[in-house]
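What TrEMBL lists as ATP binding site is 26-33, 149-152, 186-189. Residues annotated as active site, proton donor in TrEMBL: His33. For Gln57, Gln155, the entry in TrEMBL reads (R)-pantoate binding site. TrEMBL lists Gln57 with the feature beta-alanine binding site.
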Amino acid sequence: MFIAHTIEELRAHLSAYQHPAFVPTMGNLHAGHLALVRQAKPLGDVTVASIFVNRLQFLPHEDFDSYPRTWDSDCAQLRAAGCDVLFAPNEKELYPEAQTYKIQPPAGLADLLEGQFRPGFFVGVATVVMKMFACVFSEAKGRRTAVFGQKDYQQLMVIRSMVRQFALPIDIVAGPTQRAADGLALSSRNGYLNTQERAEAVQLSATLQRMAAALRAGASDIAALEAQAMDGLRARGWAPDYLVARRRSDLLPPNANDPAPLVVLGAARLGQTRLIDNLEV
Ligand code: PAF
């Protein structure tokens, strides 16, 4: 695996290829990331992953400083998954001056759910992803692909709409959420959970599964379903931010008798750890 720490090294190396397939990450890799790398492999002639903990997408009180940096194990796992190129710039390389040009995703999409509880998060994500695309795809010709995990459902929608509105010649491919045997969605932040919290953590996906099952069975009082889900997790000691059923197309609440396909999404804090998950209904 070729490791590039600078944009120049990356571009020089990728000039030998035409169709990069790219998986951006913040490191601290787990089986979910590696599944994205494996999914990306047949989609291009070179598989590129990035590791960059992006300060722009963290709020001041969030875990930017303590976000686990697990370089040796990340490199070993990427090699084993068949990644060809790792782009791992430091902050000075990616943001040599204050990043004052930013991508501002539309409020209608980016201010709800995650955006409501993490203001500015999607500005940080969209800005770094646009910049990563400029680094990774500048030498490409023809097909360019980037793979994002479906666990970050709203992030995937923001990236898709950014690519569409800026007419970027990049195919955005969704990778299915990888889960532990008990159903917990794999996440870098699962590592923050202690043994007791890890056993409890499955309740987030279990709650979403119950909501999805109720909707499939014809439940129509969505507000009641959401309130019941919030109360259920609160009673177990969680601090939920949201547990909602939304239209897949725009993440807005469905209207009465709206036949639009739905997704249930949740975010909740267990101890110090904030977990998110979703399920398409
Ligand atoms: O999903 C992530 O890990 C990050 O938001 C991303 C897409 C790598 C941007 O920093």
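For all residues, glycine too, the Cβ spot is worked out from N, Cα and C.
Note that the structure is a prediction, hence the values are computed from the model and not measured.
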Asn28, Gln155, Ser188 as binding-site residues, winner by CB count within 10 A: Gln155
Of Met26, Asn28, Gly32, Leu186, binding-site residues neighbouring ligand 1, Cβ under 6 A: Met26
Cα-Cα distance linking Gln155 ((R)-pantoate binding site) and His30 (ATP binding site), given in Å to the nearest integer: 19
Under 8 Å by Cβ from Leu186 (ATP binding site), same chain, sequence gap 6 or more: His30, Ala31, Gly32, Lys151, Thr177, Gln178, Arg179, Ala180
In sequence order, the recorded positions (His33, Gln57, Gln155) whose C-alpha falls within 10 A of Gly149 (ATP binding site): His33, Gln155
Nearest recorded site to Ser188 (ATP binding site) by CA-CA distance, among recorded positions His33, Gln57, Gln155: His33
Surrounding CB atoms that lie within 10 Å of the CB of Lys151 (ATP binding site), all protein chains: 20
Set of same-chain residues at least 6 away whose C-beta sits under 8 angstroms from Met26 (ATP binding site): Ile51, Phe52, Val53, Asn54, Tyr67, Ser188
Protein Cβ atoms within 10 Å of the residue listed as 'active site, proton donor', excluding its own: 28
